[in-house]
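Below is one structure; the comments refer to it alone.
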């Protein structure tokens with residue numbers, strides 16, 4: 001064969017192989033043509049606190065941990081539980097024992113099998129006073145037997161109510177029935193840890209050169225404050241069905257710079273700064289997206305002894321809540337698809353529809369009229385104006401909302417409000433010491449169940465900075481923990497909330513992103529935004 | 001001279017010691033601690049964490065252990081916020097970045113500033129002078145927090161020539177914008193100081209004498225006027241050098257460089273005492289060394305100064 005003929009044949013063969021290759025590069029379910037470069041690049045606000053699943057406490061760190069490690073259960077794009085390392089679970093009749101069956105083919109990135117003992121080791125780590133994880137409280141919230149005593153140093157971690165019955169069976173004993181326990185094992189704190197590696201390298205086990213993980217990805221690069229890269233884990237049991245090859249997280253502190261870099265094509269995803277969604281959705285209709293999140297935003301009354309006398313009168317609290325025109329805040333100030341809030345629990349929560357309150361059914365004009373009436377009943381009016389201080393932490397958005405709220409009260413009710421903003425840590429300390437009158441608050445659910453919000457207003461809750469206390473409310477939340485159907489109990493709790501108005505619900509948050517239109521399957525219906533790179537893909541342009 | 005240098009370095013030790021004690025005291029006085037969080041930690045959890053970091057010890061013991069660790073092991077302790085990292089790590093990662101773009105910015109600001117200033121002075125009241133002065137004023141009016149967004153919009157979004165941020169091992173494409181942003185306002189200041197200093201020197205008697213002797217302009221400028229002209233510039237460059245070397249929070253913020261300036265500010269906001277103290281010591285030591293170098297340079301430029 002001549003050299004020219006050889007070259008021609010080689011060219012045709014190569015082209016043929018390439019064509020076959022490209023023809024195969026379609027999404028197995030949707031049939032969309034996939035991009036040759038399956039790299040997903042997104043922006044994070046700050047460097048994450050840790051990559052150790054038992055230690056990580058921030059949202060962005062948990063996102064990385066979810067890719068690197070796989071827990072017993074995962075969430076699908078709708079936030080529903082799907083098998084992870086466990087293929088399923090069984091609950092005892094009294095819901096105090098949960099038994100998880102682990103899959104045979106789960107492996108660590110070094111090829112070792114993932115066993116029930118890896119979970120036992122990790123969970124004991126999570127509660128051990130020696131590791132001192134800031135998320136020890138989460139294990140306590142899960143009601144695992146003896147967790148509280150171990151955290152308090154009264155028992156050894158080996159006494160924790162979690163046992164490896166055999167390599168494939170994990171048994172968890174709870175100190176009280178908890179119907180939503182399985183939902184809680186999607187949290188990073190409950191992910192397994194590789195005992196050999198942790199013991200060999202100590203705190204350095206999460207360094208790129210040491211880390212061994214069992215998730216769909218392995219850490220291949222980590223330059224703190226700049227970028228981290230995770231790439232496909234060849235040992236992952238579902239690697240064949242994983243499409244994204246590489247996920248890169250870039251630390252970009254300034255959200256406007258991040259937006260510019262997105263528009264320059266450097267990022268596949270970034271947050272949209274407040275107020276810019278309407279413009280961006282017009283200019284980039286395929287890329288500006290907004291969807292509900294499992295987060296609330298509110299102002300809390302100081303109902304403790306150090307709080308103002310006026311707030312102890314429920315009519316004052318209700319009047320202030322009624323006079324807020326939430327639509328102005330959500331549509332004109334934030335304008336990112338946030339939803340006006342009349343309940344404490346966001347409507348986006350799973351298995352619970354917050355009841356429609358009387359306030360919600362009124363028009364704003366009716367609310368304003370009622371507010372005037374209630375405030376007059378409480379003894380406040382033009383001759384005796386209500387005065388109080390309103391506190392928020394330093395942020396443009398918090399400031400805008402506080403100014404709008406105070407102006408609404410001034411115009412409609414003649415209320416005089418003194419605004420003060422504080423640096424974050426100072427704010428937390430002042431609010432935690434009940435050294436305030438009315439203070440900003442917000443919460444994003446740790447798990448997709450109404451108790452993650454309603455718990456916050458119970459008497460013993462550490463987050464209950466307003467010191468609201470209602471025995472009936474507490475009893476309902478306690479009862480819900482073991483109820484077969486907790487929804488009616490939560491409905492009652494929300495009704496008590498509407499009646500007592502211990503905080504002013506303002507809005508329920510939205511995820512507002514610029515997302516490259518090439519990215520497929522972003523879980524907009526997962527209100528916790530527990531996303532997994534393995535579920536994403538990028539289509540060919 | 002050697003004894004002067006040793007004396008200065010010995011004085012630096014108690015100075016830095018006092019600096020750290022003052023920083024430590026101020027941190028203790030500031031409301032909120034490293035583990036103050038939105039959802040307050042249960043007391044048992046907080047106790048475990050405080051025990052791990054030695055925060056359950058009396059303040060004097062915390063400070064003593066801190067210094068002992070530095071002296072005996074050169075260990076600045078673990079970060080309270082970044083749980084997988086210690087302060088040595090954070091400084092080792094961030095300082096070289098700050099040092100790289102800081103040195104380049106310093107060099108660019110000094111060279112361009114001095115050349116502009118000299119050109120303006122020796123072509124006094126000509127278009128070169130007016131152009132140099134205008135450029136200097138414009139540069140001075142553009143601090144890095146204004147330059148940052150302008151550069152990113154221009155070179156990244158509109159022209160698509162440079163990456164919008166990151167470090168990438170310090171590749172040149174990633175260096176250009178941080179260096180320009182950091183150097184422009186210093187360049188303007190240096191140009192103005194150099195120009196006025198040079199004008200003053202050129203009007204002094206010894207230069208008039210040199211001119212009267214018929215020395216060529218180049219010789220007058222380079223051999224006689226240059227050294228005295230640069231004296232006030234050197235006084236200005238000392239603190240600038242420390243500032244640019246230790247990283248600029250605005251440059252780190254806008255260009256995501258991962259430099260030390262960002263870690264310093266973050267540590268103050270998050271009450272990461274260990275990082276804050278570690279970087280304070282580094283800044284203190286650098287200030288002492290640079291001030292010493294400035295003084296030595298002064299003596300070289302002006303032999304009348306003796307130590």
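Cβ from N, Cα, C; glycine included.
Feature transmembrane segment, per TrEMBL, maps to range B:104-122 of the set B:104-122, B:199-217, B:256-274. The transmembrane segment annotation in TrEMBL falls on one of the ranges B:53-79, B:134-160, namely B:134-160. Same-chain neighbours of the transmembrane segment (B:104-122): 128-129, 132-133, 135-136, 175, 178-180, 182-184, 186-199, 202, 217, 221, 229-230, 233, 237, 240-241, 244-245, counting only residues six or more beyond its ends whose CB sits under 8 Å from a CB of the stretch.
Non-local neighbours of the transmembrane segment (B:275-301) in the same chain are 1, 5, 8-9, 12, 15-16, 19-20, 23-24, 27, 66, 70, 76-77, 79-81, 87-88, 90-91, 95, 227-228, 230-231, 234-235, 237-239, 241-242, 245-246, 260, 263-264, 266-268, 307; each lies 6+ residues outside the stretch with a CB under 8 Å from one of its CB atoms. Among residues of the same chain six or more beyond the transmembrane segment (B:172-191), those with a C-beta under 8 A of the stretch's C-beta atoms are 100-102, 104-106, 108-110, 112-114, 116-117, 120, 132-133, 135-144, 147-148, 151-152, 155, 162-163, 165-166, 233, 236-237, 240, 244, 248, 250-251, 254-255, 257. Beyond the ends of the transmembrane segment (B:134-160), by six or more residues, the same chain brings 113, 116-117, 120, 176-177, 180-182, 184-185, 187-189, 191-192, 195, 248, 250-251, 253-255 to within a C-beta distance below 8 angstroms of the stretch.
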